[in-house]
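> Handing you this structure, nothing more for now.
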Amino acid sequence: MSRTETDSLGTIEVPDDAYWGAQTQRSLENFAIGGQRMPLAVIHALALIKKAAARVNDHLGELPPEVARLIEQAADEVLAGRHDEHFPLVVWQTGSGTQTNMNVNEVIAGRANELAGNPRGGKSPVHPNDHVNRAQSSNDSFPTAMHIAAAKAVHEQLLPAIAELSGGLAEQSARHASLVKTGRTHLMDATPITFGQELSAFVAQLDYAERAIRAALPAVYQLAQGGTAVGTGLNAPKGFADAIAAEIAAESGLPFVAAPNKFAALAGHEPLVILSGALKSLAVALMKIANDLRLLGSGPRAGFAEVKLPANEPGSSIMPGKVNPTQCEALSMLACQVMGNDSTISFAASQGHLQLNVFKPVIVYNLLESIRLLADGCRNFNKHCVAGLEPDAQRMADLLERGLMLVTALNPHIGYDKAAEIAKKAYAEGTTLRAAALQLGYLDEAQFDEWVRPEQMLEAGHHG
């Protein structure tokens with residue numbers, strides 16, 4: 001069953017049970033591309049905008065109070081997720097997001113008219129353009145929704161997830177603060193380090209990334225709403241931009257404000273590019289963490305084998321008993337995806353022409369995917385890898401005892417050249433540093449035992 005809806009192009013048949021109208025139906029028919037639906041976070045952000053706009057327009061005398069109440073009620077239902085199935089459009093549409101903006105306008109109007117006792121859909125008493133979209137353009141509403149969706153996702157999903165992973169690593173770092181092992185640079189043996197110190201670097205890297213993400217947020221809080229079509233604010237009443245930003249801030253609990261330059265807010269997306277760059281920095285840190293733990297857990301008999309990674313599942317379909325570092329692999333793959341998303345976002349943001357960037361849907365799609373992947377990745381990695389991480393203390397001690405770079409502690413006492421000679425002799429003859437040093441006669445047993453003490457080589461100020 002269908003009903004007839006109209007727009008400026010004429011009439012079109014719409015499924016009878018759909019809340020959307022003519023423009024959404026045309027988009028469905030004309031843009032059957034891929035399966036990437038517009039993220040619901042964007043839909044819900046647009047619904048929040050429509051609710052806030054109805055309230056502000058009511059206060060400013062731009063809408064009849066009864067129409068404003070109907071819009072608010074319908075928008076609240078959308079925000080609650082009650083009509084998610086009525087937003088079927090894909091990302092691959094007009095670059096301004098107009099089709100999705102109209103999808104939201106039509107669904108809210110269609111539901112509002114039903115609430116008023118009329119048949120589903122239609123344009124009376126609530127019109128999707130004249131009432132729901134009052135004082136707005138897709139050109140300012142969609143970028144505003146992009147900022148709202150991104151900021152909410154960072155606060156609600158990503159920051160708590162970073163805190164979980166950072167906390168898990170910090171706990172492991174504290175637990176193993178005195179477990180001495182071989183440090184490595186260039187993948188070669190270096191001077192000693194504790195396992196706790198090694199893990200503390202991961203915590204600090206996450207902290208740098210988190211601070212970069214938080215530093216990007218103030219610009220994301222600046223909203224394009226009120227700029228309307230080209231940034232001038234045409235057809236928006238005086239004071240609308242500040243009023244709707246305040247309304248959105250109150251509803252969301254985040255400090256949104258009106259962007260100081262609406263022309264830039266429509267034509268460019270620097271705040272989201274900066275946020276994406278910060279997300280990439282987190283991906284870089286996660287890649288490092290995953291790769292390091294994968295190396296340390298390599299083996300169990302022919303690798304580093306210093307760390308036992310939790311076994312989440314059998315690792316091979318052909319090699320019985322094999323366990324693979326699957327959590328590290330999953331985390332590193334999603335880090336790659338985030339880096340790729342950042343490249344897409346950067347290129348898309350560079351393609352604004354004159355007064356409008358028309359790559360908005362692909363920007364927000366990739367940005368929200370990055371946030372979701374990073375949040376899920378941090379939580380999953382902490383729960384299924386970091387929490388169950390077990391260092392092999394005996395293996396660490398064995399490798400440390402055999403390490404040649406302990407000779408570095410002798411530098412202040414016998415000089416670099418003699419210390420290097422000891423290391424080369426020990427390596428060439430397969431003997432210990434102690435034996436090589438004594439054979440060369442550069443020091444006696446007591447001196448070696450006093451000066452070469454790994455547990456005292458862990459901080460500045462030690463000279464053996």
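Heads up, the Cβ atoms here are built off N, Cα and C, so glycines get one too.
Not measured: the values here are computed from a predicted model.
Heads up, here are the entries from Swiss-Prot:
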| type | residues | note |
| --- | --- | --- |
| ACT_SITE | His186 | active site, proton donor/acceptor |
| ACT_SITE | Ser316 | active site |
| BINDING | 96-98, 127-130, 137-139, Thr185, Ser317, 322-324 | substrate binding site |
| SITE | Glu329 | site 'Important for catalytic activity' |
> Have a look at the binding-site residues (Ser96, Ser138, Thr185, Asn324) and report the one with the fewest Cβ neighbours inside 10 Å.
Thr185
> Rounded to a whole number, how many Å is the Cα of Lys322 (substrate binding site) away from the Cα of Glu329 (site 'Important for catalytic activity')?
15
> Measuring Cα to Cα, how many angstrom lie between Thr98 (substrate binding site) and the residue listed as 'active site, proton donor/acceptor'?
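If we compare the Cα positions of Thr98 (substrate binding site) and the residue listed as 'active site, proton donor/acceptor', the gap is 52 Å.
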> Quick check on the binding-site residues Pro128, Asp130: which one has the highest count of other Cβ atoms within 10 Å of its Cβ?
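Checking each of Pro128, Asp130, the winner is Pro128.
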> Quiz question: given the recorded positions His186, Lys322, which has the greatest number of C-beta atoms lying within 10 angstroms of its own C-beta?
Lys322
> Can you tell me the CA-to-CA distance separating Ser96 (substrate binding site) and His186 (active site, proton donor/acceptor), as a whole number of Å?
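Ser96 (substrate binding site) and His186 (active site, proton donor/acceptor) have their Cα atoms 48 Å apart.
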> How long is the line from the C-alpha of Asn324 (substrate binding site) to the C-alpha of His186 (active site, proton donor/acceptor), rounded to the nearest angstrom?
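Distance (Cα to Cα, whole Å): 24 Å.
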> Please report the distance from the Cα of Ser138 (substrate binding site) to the Cα of Glu329 (site 'Important for catalytic activity'), rounded to the nearest angstrom.
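Cα-Cα, rounded: 41 Å.
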> Helix, strand or coil by DSSP: which one applies to Glu329 (site 'Important for catalytic activity')?
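The residue in question, Glu329 (site 'Important for catalytic activity'), is helix (DSSP, three-state).
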> In whole Å, note down how far the CA of His186 (active site, proton donor/acceptor) lies from the CA of Glu329 (site 'Important for catalytic activity').
22
